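Notes follow the structure.
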Amino acid sequence: MGAKRKKEDAPEMAEDADIDDGGCRDRRNRQKVEKKEEFRPSMIKNKEKRSAAHAKLKHQKKLEKRKTKKAREAADKQALELGEEPPQRSVPRTIENTREADETVCKPDDAELFVANDADEFSSILRRERAPKILITTCRFHSTRGPAFISELLTVIPNAHYYKRGTYDLKKIVEYATKEDFTTLIVVHTSRREPDALLVTSLPSGPTAHFKLSKLVLRKEIKNHGNPTGHVPELVLNNFTTRLGHRVGRMIQSLFPQNPDFRGRRVVTFHNQRDYIFFRHHRYIFETKESKQQDPKSKKGKDAEDKSTGQQVIARLQECGPRFVLKLKSLQHGTFDTRGGEYEWVHKPEMDTSRRRFFL
């Protein structure tokens with residue numbers, strides 16, 4: 001009886017095996033189709049064919065983007081003609097506009113903030129009661145790029161003076177700078193022959209900020225760079241929104257005089273993005289170009305004549321350098337003191353719990 005049952009079950013098992021094989025084949029075919037659909041130009045080994053495929057794909061994306069832009073403009077125009085409100089545009093989700101809520105974000109109607117501004121260490125400079133005077137020095141072991149970076153800092157910050165460090169202790173330098181009526185001390189720290197940190201101390205009573213310096217690009221390394229003049233630059237500070245960021249922004253603001261000379265057309269920018277402070281130094285240039293318009297009566301082609309209608313003024317920016325990025329590591333009460341100093345804020349690795357959490 002058992003042998004007969006096995007013989008009867010054998011065809012059914014064969015049918016099940018055939019069904020399983022068919023299902024596996026279908027899955028393989030689907031995977032092959034998906035692989036073909038996920039084709040990318042980077043899969044092509046030939047460089048010329050790969051670049052041609054990439055250019056074709058880029059051109060197609062550009063055409064699609066232009067098509068959607070025209071459709072959106074047509075919808076807005078139609079809504080205005082009908083007296084309706086244009087359709088709302090979708091705002092892309094970014095790390096900046098989805099940042100975690102922070103109680104320390106400054107508000108325009110915060111009375112405590114204005115009272116604190118009038119009583120902080122930078123109020124005398126920002127109210128023009130005292131002119132900023134900067135002392136710049138190095139660590140004891142400076143690098144080859146350090147002096148070049150300092151010479152460019154001297155052209156960026158007005159009324160800045162460089163003193164060689166020598167064997168003097170930093171506390172003695174602070175005492176000397178305070179006697180000579182300096183308002184800020186900047187120490188350029190170097191490591192492995194490369195500037196990697198800035199120590200900024202407001203005198204005479206602090207605070208002291210320690211910044212990590214990275215991605216330094218000197219003026220001579222910037223293509224088509226300009227040479228700055230001796231005029232006092234305009235200062236632009238962006239996205240310093242929290243109480244800590246506001247304090248750091250006021251410290252940076254106290255480095256520059258509060259009466260910019262607009263004839264020099266110089267702009268110094270400190271742009272904060274995701275707690276990284278990007279530094280740029282530009283001068284803006286005004287150029288006049290003749291605007292030409294084609295005669296509508298003449299046919300389009302080589303024989304068509306252009307008629308000049310006037311001059312057009314075009315403004316553009318020319319970078320003067322240097323270019324670098326700062327990252328705040330600590331903010332300390334008073335002047336530099338590694339042993340008994342109290343810290344207002346210190347960055348720790350355990351504070352980086354989310355990509356959407358910012359402190360400045």
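Heads up, residue numbers simply count up from 1 along the chain you see.
Cβ from N, Cα, C; glycine included.
A TrEMBL annotation is a machine prediction, not a hand-curated record.
Straight from TrEMBL, the features:
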type	residues	note
COMPBIAS	1-10	compositional bias 'Basic and acidic residues'
REGION	1-102	region 'Disordered'
COMPBIAS	11-21	compositional bias 'Acidic residues'
COMPBIAS	22-51	compositional bias 'Basic and acidic residues'
COMPBIAS	52-70	compositional bias 'Basic residues'
DOMAIN	132-337	domain 'Brix'
COMPBIAS	289-308	compositional bias 'Basic and acidic residues'
REGION	289-310	region 'Disordered'
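For the compositional bias 'Basic residues' (52-70), the number of residues in each DSSP class (helix H, G, I; strand E, B; coil) is 19 helix, 0 strand, 0 coil. When averaged over the domain 'Brix' (132-337), pLDDT in the model lands at 87.
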